[in-house]
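Features reported for this protein in TrEMBL:
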TRANSMEM  A:12-29  transmembrane segment
DOMAIN    A:94-311  domain 'ABC transmembrane type-1'
TRANSMEM  A:100-118  transmembrane segment
TRANSMEM  A:130-155  transmembrane segment
TRANSMEM  A:184-204  transmembrane segment
TRANSMEM  A:242-268  transmembrane segment
TRANSMEM  A:288-314  transmembrane segment
Amino acid sequence: MFGYLIKRLIQMLLVLWVVSVIVFLMMSFTGDPVFMVVPIDATDAEIAQARRLLGLDQSLLVQYWKFLTSLLQGDFGRSYVFRQPAMTLILERMPATVEMVLVAMALAVVVAIPLGVYAGANPNSRLSRIIMASSLLGISLPGFWVGMVLIYLFAVHWGVFPSSGRGDTAEIFGLRVSLLTRDGWHHIALPAITLSLGTMAILLRMTRAGMMEVSRQDYMKFARAKGATRRDVLYKHGLKNALIPVVTIFGLQLGDLIAFATITETIFSWPGMGKLLIDSIYRADRPVIVVYLMLVALIFVVINFLVDIVYTLIDPRITLK
Amino acid sequence: MTTFLNSEFFHNYTRSSSAIIGSTLMALFAFAVIAGPFLVAQNPYDIASLDLMDSYKPPVWLDGGDPRFWLGTDGQGRDVWASILYGARISVFIGLVAMIASCVIGTLLGLIAGFYGGIVDSVIMRIADVQLSFPSILIALFLMSAVGTGVDKVLIALTAVGWVVYARTVRGSTLSEIEKEYVQAARVAGLPNHKIIRKHVLPNVLTPLIVIATIQVGTFVLIEASLSFLGVGVPITQPSLGLLIKNGFDVLFSGLWWTSVFPGVAIMMLVFGINLFGDFLRDELNPRLK
Amino acid sequence: MMKDAANTALLTVRNLRTYFHTFSGTVRAVDGVSFEIGQGEVMGLVGESGGGKSVVGFSILGLIDSPGKIEGGEILLEGRDLVTAGEDHLRHVRGREISMVFQDPMTSLNPLHTVGRQMDEVLRLHSDLRADARHKACVDMLESVGISRAAERLKAYPHQFSGGMRQRVVIAIAMLANPKLIIADEPTTALDVTIQSQILKLMRAQIADKGASMILITHDLAVVSEMADHITVLYCGNVVERGATRDLIETPAHPYTRGLIDSIPDTSERLDRLSQIPGSVPDIRNLPQGCNFRDRCPRAQALCAQKEPPLTPQHNGLMAACHFPLHPGERL
């Protein structure tokens with residue numbers, strides 16, 4: 001167990017290092033950030049001065065070394081636009097994103113798993129066909145377009161939900177959370193539904209596929225030969241086995257939600273880190289982009305690690321090596 | 001041909017409503033993409049053919065609708081239907097070309113990794129692993145933010161995220177193929193590697209790629225639409241369906257919904273058709289499920 | 001006919017037909033099978049793989065899934081028809097009146113549940129015992145199938161057991177509710193040869209102990225000749241011969257049975273005559289007219305291609321479906 005943890009830790013650091021190299025290289029090829037910090041009428045001397053201050057006059061290798069050492073020292077640079085530490089900016093907005101992602105994930109799980117189990121258990125029923133067709137529609141829809149249609153219908157046309165913003169928040173353990181206020185729920189409903197649809201469809205299809213695969217197993221027939229009801233066989237014997245593949249993609253789906261949150265937040269003007277990323281891309285605010293990517297990489301790596309742990313808890317055959 | 005019509009594949013096709021609907025939608029889009037410019041009078045790119053007097057006409061069945069523009073017009077008097085036909089060409093073009101590029105590059109890398117193994121294999125597969133642990137949309141978004149907008153750049157970004165799935169699949173099948181006796185025999189007989197790959201390995205690893213490639217076109221259309229919606233995809237001069245939605249979004253709050261809703265319906269029908277047919281192919285080509 | 005079975009029969013199967021409707025045609029996996037089993041009897045159901053033996057077992061328990069379907073016939077358990085019985089009644093029968101042992105112990109246990117939980121499930125379904133009484137019953141049962149430290153082993157998962165041990169667990173589960181009939185579908189085929197005889201001995205002891213009956217489904221005549229009171233031989237979904245074990249093994253009337261016996265090594269003194277039945281089971285989707293076995297039969301004549309032989313009484317009380325049956329002592 002201990003050896004496994006060490007091994008995983010080294011793997012995680014390696015992935016983060018690779019990401020840091022890629023992020024750094026890509027950023028070096030992007031436009032010249034010096035023009036983001038100097039005034040429009042700056043002289044050549046001022047530009048050269050700014051370039052030196054930003055360290056842009058040195059070789060790539062030196063720049064990378066500086067980039068890496070400052071990352072490791074917790075110095076993530078300042079936003080060119082906000083003139084604040086980039087990390088602070090991101091961390092301020094992170095709770096809003098995490099909140100929306102979690103609500104969307106919860107929604108996806110609650111809807112997808114029962115429907116997926118039903119569709120897998122009754123593959124030929126009419127309702128299953130409808131469920132499967134809808135789920136296919138779910139992965140065929142552009143998420144941003146769904147958000148837009150929801151805004152048009154519920155905000156513009158009927159005026160029952162707000163079209164943007166986060167609404168009232170309450171503070172708990174120093175975090176601003178909208179799930180504690182009625183207004184907060186009112187605001188998060190549309191963006192969370194929009195965000196959840198794709199993941200919902202994928203989880204549903206995975207659950208169904210898992211159920212169908214499991215239905216063919218001998219132990220399901222053996223359980224029925226014991227006299228268990230069809231329902232018990234499905235839920236007590238089938239579901240847990242069927243969910244193993246679902247758990248393996250759970251981490252990836254959480255990652256997808258974080259990624260797609262950038263788009264959802266942009267549509268609904270949700271003040272999260274995804275919207276900050278898109279704004280920063282428009283403004284070429286390099287330090288913010290870098291911090292976002294490194295932080296998200298860290299989150300993904302940790303999620304994947306946790307998924308592996310959960311995996312071993314569900315399946316007694318798997319041991320951590 | 002008659003053997004095809006008598007085959008189980010064709011029989012199942014005629015009995016699968018999803019396969020028929022899916023392929024019909026795909027055929028409709030193929031037709032629209034090829035014949036699009038001949039179906040509409042207006043060229044939405046030609047400023048001379050636009051008339052500001054026609055701007056923001058609603059669809060024909062609403063009050064104020066104009067029979068010349070059955071899906072309405074946008075702020076420049078551009079026919080939404082014409083924009084969709086032209087936009088679909090760009091979306092489909094990007095999806096297809098990026099799929100072909102991903103497939104070729106991914107298959108090559110997968111063959112190399114599987115056939116030669118060793119350090120080449122490790123490097124290719126580690127890159128694939130790292131990349132797969134990140135969502136495609138985020139990688140594409142990041143690449144586009146670094147290289148700027150343009151159809152060519154979207155193609156590069158999509159190919160950069162798309163090759164991995166082929167490489168992994170092909171590497172897996174290659175590894176199991178080269179274990180088989182006939183390949184071993186060919187190796188012992190001194191057949192050169194490229195011939196072994198071309199004659200023995202490649203034909204046997206291609207079937208699963210058909211399904212992946214079909215579905216990937218739909219995925220790429222969606223990713224491209226998302227990038228364009230965020231303003232980091234195609235340029236304004238070459239509006240894909242995604243960019244049409246973005247342009248329409250700006251006026252949505254004034255109640256002018258048709259300029260953004262209809263392009264979205266078009267994307268949905270296209271991708272839905274591809275996914276329906278892809279699902280059918282997956283069930284048919286995967287013997288394990290039978 | 002067999003001995004006054006009508007009075008003592010536990011299970012009577014009459015003209016059972018189970019078909020599978022697939023794209024490439026209807027598979028008549030079981031096509032008019034009849035047999036009877038009395039209280040405490042062991043019946044061997046023998047045939048080559050693909051002969052429809054397992055389908056008979058699953059049909060009795062009502063576990064035929066689409067595209068399969070029981071098309072006709074009767075399955076009478078103590079006089080009550082299971083074919084027409086509802087799912088509720090069948091559930092009561094499964095595990096309690098009739099239980100089943102599957103071929104592959106590696107796949108018949110749920111990998112995610114402990115052995116104890118899988119055993120307990122039977123008692124929860126079929127008894128009113130309280131948790132502690134159920135636990136004790138499970139421990140006792142596990143010990144009686146030869147698993148030591150049973151209380152501890154109940155907490156283990158299937159993957160922590162060997163194949164032979166798992167089959168013991170499966171047998172324990174099958175015996176737990178004191179069923180009247182066990183259907184054992186190739187219970188030793190997936191096991192090592194050394195384990196096979198242990199498991200067979202165990203099953204015989206368990207059945208004798210509880211006074212239960214058993215249908216032993218196997219392709220292995222050697223196994224069945226040690227275990228069974230009488231034997232039913234299936235070929236292409238039809239009964240081709242049946243009778244008391246000793247008579248059937250020593251003086252079979254049907255050439256197919258003779259062929260099966262001759263292909264067992266070591267069963268008779270004539271090792272030099274060890275042979276195989278030529279050819280293989282025909283495509284069951286489009287069986288020809290007449291006797292299904294005629295293409296592989298050295299005694300086949302013109303009549304065999306025209307008329308399907310009915311099951312008729314032969315010497316020593318055997319029943320065989322053959323136009324030209326073997327007489328005692330006659331060889332192929």
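Glycine is no exception: its Cβ is also placed from the backbone N, Cα and C atoms.
Looking at which of A:12-29, A:100-118, A:130-155, A:288-314 has the most CB pairs under 8 Å to the transmembrane segment (A:184-204), the answer is the stretch A:100-118. Against the transmembrane segment (A:288-314), stretch A:12-29 shows more Cβ pairs under 8 Å than any other of A:12-29, A:100-118, A:130-155. Within its own chain, the transmembrane segment (A:12-29) is flanked in space by residues 60, 63-64, 67-68, 71, 286, 289-290, 293-294, 297-298, 301-302, 305, which lie at least six positions past its ends and keep a Cβ under 8 Å from the stretch.
Below 8 angstroms of C-beta separation, residues 127-128, 131, 135, 179, 188, 191-193, 195-196, 199-208, 210-211, 234-235, 238-239, 242-243, 246, 253-254, 257-258, 261, 264-265, 270, 272 of the same chain, each at least six residues beyond the ends of the transmembrane segment (A:100-118), sit close to that stretch.
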